[in-house]
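What TrEMBL says about this protein:
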- GLY112, LEU132, GLY133, ASP134, TYR135, VAL136, LEU137: S-adenosyl-L-methionine binding site (BINDING)
- 1-224: domain 'tRNA methyltransferase TRMD/TRM10-type' (DOMAIN)
Amino acid sequence: MRFDVITLFPEMVQAVVNGGVTGRAADRELIHLNCINPRDFTTDVHRTVDDRPYGGGPGMVMKPDCLVEAIRSAKSKMSDRKVIYLSPQGKTLNQSMLQEASKSAGLILLCGRYEGIDERVLELDVDEEWSLGDYVLSGGELGAMVIVDGITRLLPSVLGHSESANQDSFSDGLLDCPHYTRPEKFEGLSIPAVLKSGNHQEIERWRKMQALGRTFQKRPDLLDKLELTEQDKILLDTFLSGLK
Ligand SMILES: C[S@@+](CC[C@H](N)C(=O)[O-])C[C@H]1O[C@@H](n2cnc3c(N)ncnc32)[C@H](O)[C@@H]1O
């Protein structure tokens with residue numbers, strides 16, 4: 001999987017492969033992260049990447065010429081990849097977007113700064129706009145790092161068996177179940193007895209019930225999108241009656 005990130009702050013984005021799951025994936029060449037600085041595609045002596053907005057107003061706008069050249073340079077290294085502009089006006093990022101992207105050859109991620117980028121870049125060379133959420137950041141770099149991390153952990157053989165992404169929140173539409181580790185008693189709190197029972201069927205049943213129950217409690221909107229089986233409904237009822 002190849003990521004080309006177009007950014008004025010390559011050292012910031014590069015940090016995503018400095019350690020952890022993404023770092024290991026890069027070391028094993030399961031992902032390749034390449035940063036492209038639009039400044040390298042400027043032609044004036046000052047290497048100008050921004051200019052005043054037409055029509056006046058505050059802030060600066062990233063110039064189209066160096067951005068388009070940077071995108072095309074990324075495409076020349078590997079075509080058949082979507083160009084994604086990180087933008088608060090884009091589609092809000094979710095797990096299915098990451099899952100879908102994890103099946104592709106990679107992405108070209110375009111990070112804006114200042115007031116944003118010249119609109120014509122979107123018309124010419126951008127396939128989609130993705131947002132981290134309904135708030136405004138100073139640049140797209142954090143978004144690009146989020147995307148690289150979120151996709152990398154979904155790639156085959158990136159996570160070990162014990163870290164499997166299949167059980168994470170959202171992978172089956174539910175939130176993940178609670179987790180516990182040693183010590184068995186901590187500040188007066190014990191772990192649920194079933195987890196020590198050694199009965200794997202019962203443990204699986206408990207985990208599913210907890211996943212259903214906490215999704216109901218924390219994110220009922222997720223349950224609305226699912227068609228629960230009769231067995232799931234029974235488990236959820238059991239969870240809820242346990243709260244009474
Ligand atoms: C200060 S913002 C520009 C915001 C723009 N004037 C607007 O209101 O739509 C600068 C850059 O940060 C990035 N950015 C800001 N908020 C973001 C968000 N919620 N998701 C993804 N990228 C974001 C974009 O790349 C954007 O071009």
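The backbone N, Cα and C atoms fix where each Cβ goes, and this holds for glycine too.
Feature map: TrEMBL annotations on the structure.
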residue	record	Cβ neighbours (10 Å)
GLY112	S-adenosyl-L-methionine binding site	25
LEU132	S-adenosyl-L-methionine binding site	18
GLY133	S-adenosyl-L-methionine binding site	10
ASP134	S-adenosyl-L-methionine binding site	7
TYR135	S-adenosyl-L-methionine binding site	7
VAL136	S-adenosyl-L-methionine binding site	11
LEU137	S-adenosyl-L-methionine binding site	16
Tell me the coarse DSSP state (helix, strand, coil) of TYR135 (S-adenosyl-L-methionine binding site).
coil
Just the binding-site residues from GLY112, LEU132, ASP134, VAL136 whose C-beta lies under 6 Å from any atom of ligand 1, please, or none if there are none.
GLY112, LEU132, VAL136
